[in-house]
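To start, the structure itself, in structure tokens.
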Amino acid sequence: MDVRALPWLPWLLWLLCRGGGDADSRAPFTPTWPRSREREAAAFRESLNRHRYLNSLFPSENSTAFYGINQFSYLFPEEFKAIYLRSKPSKFPRYSAEVHMSIPNVSLPLRFDWRDKQVVTQVRNQQMCGGCWAFSVVGAVESAYAIKGKPLEDLSVQQVIDCSYNNYGCNGGSTLNALNWLNKMQVKLVKDSEYPFKAQNGLCHYFSGSHSGFSIKGYSAYDFSDQEDEMAKALLTFGPLVVIVDAVSWQDYLGGIIQHHCSSGEANHAVLITGFDKTGSTPYWIVRNSWGSSWGVDGYAHVKMGSNVCGIADSVSSIFV
């Protein structure tokens, strides 16, 4: 169905998005700007204009991304960025097999996705908490243990938000700082059921040393720009990859392959790569987000491989357990 043929439909969708999406998508958050129905309606109108513009570019490109109404359409871009894009960029060393750890020279299949191995947990929703950095790191730990043959468990993101030092909880953080904290302190991540997500900062809850949990043995952190085949080999060898991207245009993403409208060197959002697909004319990374399953492609984004789109290869981490 072409929504352009139904001029009233966008306004109905706005009402649904404004109160809908995932059940927890409107968790408590105190904005620094005044909120009102009038402001949200103005933001929605701006979103419609932005969608038309984005969709008018590169119309002949195969499988290009398409943009439209979703749960973020009632936010102005500056509001969206202030709430959701809170990952702090870090400078990663450029990967070199001669200097750094050697990645096995495995043969790359045309398609691979760790979800097919049943070692990736379900998409979560960070709500109005800028904790993407914690969600991506915890997701990688969950998968690393499952790949080793352990049961797939939802681990506590809230524990990382509350306890990780050199980070700011729901006000933003660094994946590198979180990984350093997990590794240096040999923190045992507990299950989400023991330390559930609250979508806000809280006091760190400590567990005894004898309490069962999931710790890491180490991690790697490299810049794989211009080396995305090596990055894919790391994915196959070590498990899902924690990456930091420029996700400003992801506010409007509905599906297709993201090839434009973002840049390298502007990292602001942490996500988890679970696989890749090279079977079509435009190869792409399969990227798990933390904005709920109603966003994008069932909570995932597809990002073009080979061109460092959105800076996806600039800041890449693997976790070892």
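A Cβ is built for glycine as well, from the same backbone N, Cα and C atoms used for every other residue.
When the candidates CYS129, CYS132, CYS163, CYS204 are compared with Swiss-Prot, only one is recorded as disulfide-bonded to CYS170, and it is CYS129. Take the Cα of ASN289 (active site) and measure to each of the recorded positions ASN105, CYS129, CYS132, CYS310: the nearest one is CYS132.
Here the CA atom of CYS132 (active site) lies 9 Å from the CA atom of CYS170 (disulfide bond). Annotation: CYS310 carries the greatest number of neighbouring Cβ atoms among the recorded positions CYS132, CYS163, CYS170, CYS204, CYS310 [cut-off 10 Å, Cβ to Cβ]. Closest to CYS262 (disulfide bond) in space, going by CA atoms and restricting to the recorded positions ASN105, CYS129, CYS132, CYS163, is CYS132.
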